[in-house]
Amino acid sequence: MNIVILGTQWGDEGKGKIVDMLTEDVAAVVRFQGGHNAGHTLIIDGEKTILRLIPSGILREGVLCLIGNGVVLSPPALMEEIEELNAKGIPVTERLRISSACNLLLPYHVALDKAREAELGTKAIGTTGRGIGPAYEDKVARRGIRAMDLLHPNQLLEKIKKATAYHNIQLEHYYHQTPLDYQSIYNQLMEFREKIKPMIGDVSALLGNLRRQNKHIIFEGAQGSLLDIDLGTYPYVTSSNTTAGSAATGSGFGPLYFDRVLGITKAYVTRVGAGPFPTELTNEEGKKMAKRGNEFGSVTGRPRRCGWFDVISMRRTIQINSLTGIVLTKLDVLDEFAKIHLCTAYRCDGEVVNEPPFDQSLLESCEPVYEEMPGWQTSTYGLTDYSEMPKEARNYISRLEELLGVPITIISTGPDRKHTIVRQAVFNQVITAKG
């Protein structure tokens, strides 16, 4: 069985924990888009591990970890991550494979990203400044440097020379920044070449072999669906496609080979950086939510904006991803709230709407229409049995399923992989506890 697991909001939904939990049954985990701008936080027996590029299956012995062609790969970031894992006694290089078609993220991408955000000032998009956008620009413009280029040093030198000259024109003459030296960039890549070279290969072919052997494969998304470059809250989005279709194009695996699509969603909503957020709470409730949820970016450390669950945006996410199941995370964050609110419609320019507008100026003006439910005000932290869940919490989950039309198959009640209620087994159709 082949399963896509992705975020349904603006990222930070807890995908890493769920992927890690499910990898006990899989042969491989694939990253198919994004870069090192988002981190997946895993907590195993109290020990925290943050992964940025390497798939979350790396913490499971014997699981093959694949970086697909849809990822933009920073060699220094990758090597740093490998070294961090090795220091914890986790071997990486024997189980990690990088698509030869994967584009590399290089110093001029980072320089451009930072220069652009600085120029925009208060109107900045709110990127992480790690060069993701410029790297994808080079890919689309067909001037990108790919992992396979590391195998041909002479050709690589010429490509680096041309690309650096091109980007230096912008850096020096438009942004008034110091130009970069192509030879330094090339020399740095040569240092990484010998370490990365054994891991470069044909990821699409590997996936095909696993499929023919009827092995289980997980395709792990980064960021969230509302950050999709085409279908998200543009222009306040990331530079890749974060929705389910990208699992195919970003890995070289045919779309008809996917069996399920699981959407990870918090029991509330968070967002980092600028952009519309209809249910955002700027009052004490929002601060309480952020504190209880420890809502700070795992890579950037930036505080996350918090708000109530948005049924309207979630329905859009279900539609664009063809979700077959939902994983509800961080339910325990709501334990102390006397009242829980669900946004069931928007009021835009005096009109009640049930679909999120793609026009961001209109979305900015939308106000949430709430349905109020009683809170449970008792701890759900660490629960593993649905029958032990407070009645009010079960009512909240049932109401979400009713409004969304998709089953909530897994509930996360804490950060550790053990803090989980499995209502429906992922790799078969057996219902273990419906409640």
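Cβ coordinates are placed from backbone N, Cα and C, and glycine is handled just like the others.
Feature annotations, courtesy of Swiss-Prot:
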- 11-17, 39-41, ARG304, 330-332, 412-414: GTP binding site (BINDING)
- ASP12, GLU13, GLY14, LYS15, ASN37, ALA38, GLY39, HIS40, THR128, ARG142, GLN223, THR238, ARG302: IMP binding site (BINDING)
- ASP12, GLY39: Mg(2+) binding site (BINDING)
- ASP12: active site, proton acceptor (ACT_SITE)
- HIS40: active site, proton donor (ACT_SITE)
- SER298, VAL299, THR300, GLY301, ARG302, PRO303, ARG304: substrate binding site (BINDING)
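Positions of the features from Swiss-Prot, shown on the structure.
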residue : record           : Cβ contacts under 8 Å, 6 or more apart
LYS17   : GTP binding site : HIS40, THR41, LEU42, ILE43, THR329, SER412, PRO415, ASP416, ARG417
GLN223  : IMP binding site : GLY7, TRP10, GLY11, GLY34, ASN37, ALA38, THR238, SER240, THR242
ARG302  : IMP binding site : VAL272, GLY273, PHE296
LEU331  : GTP binding site : ALA267, THR380, ALA393, ILE397, ILE411, SER412, THR413
| request: Quick one: of the binding-site residues GLY14, GLY301, PRO303, ARG304, which has its CA closest to the CA of THR128 (IMP binding site)? | output: GLY301
| Any idea of the Cα spread of the IMP site, ASP12, GLU13, GLY14, LYS15, ASN37, ALA38, GLY39, HIS40, THR128, ARG142, GLN223, THR238, ARG302, as a max distance in Å? | 34
| Rounded to a whole number, how many Å is the Cα of PRO303 (substrate binding site) away from the Cα of ASP12 (IMP binding site)? | 12
| said: If I take the alpha carbons of ASP12 (IMP binding site) and ARG304 (substrate binding site), what is the distance between them in whole Å? | reply: 9
| remark: For GLY14 (GTP binding site), the spatially nearest of the binding-site residues GLY39, GLY301, ARG304, using Cα atoms, is GLY39
| Length of the line joining the Cα atoms of GLY39 (IMP binding site) and GLY301 (substrate binding site), in Å | 10
| remark: Its Cβ having more other Cβ atoms within 10 Å than any other among the recorded positions HIS40, ARG304, the winner is HIS40
| query | When DSSP states are folded down to helix, strand and coil, where does LYS17 (GTP binding site) land? | reply | helix
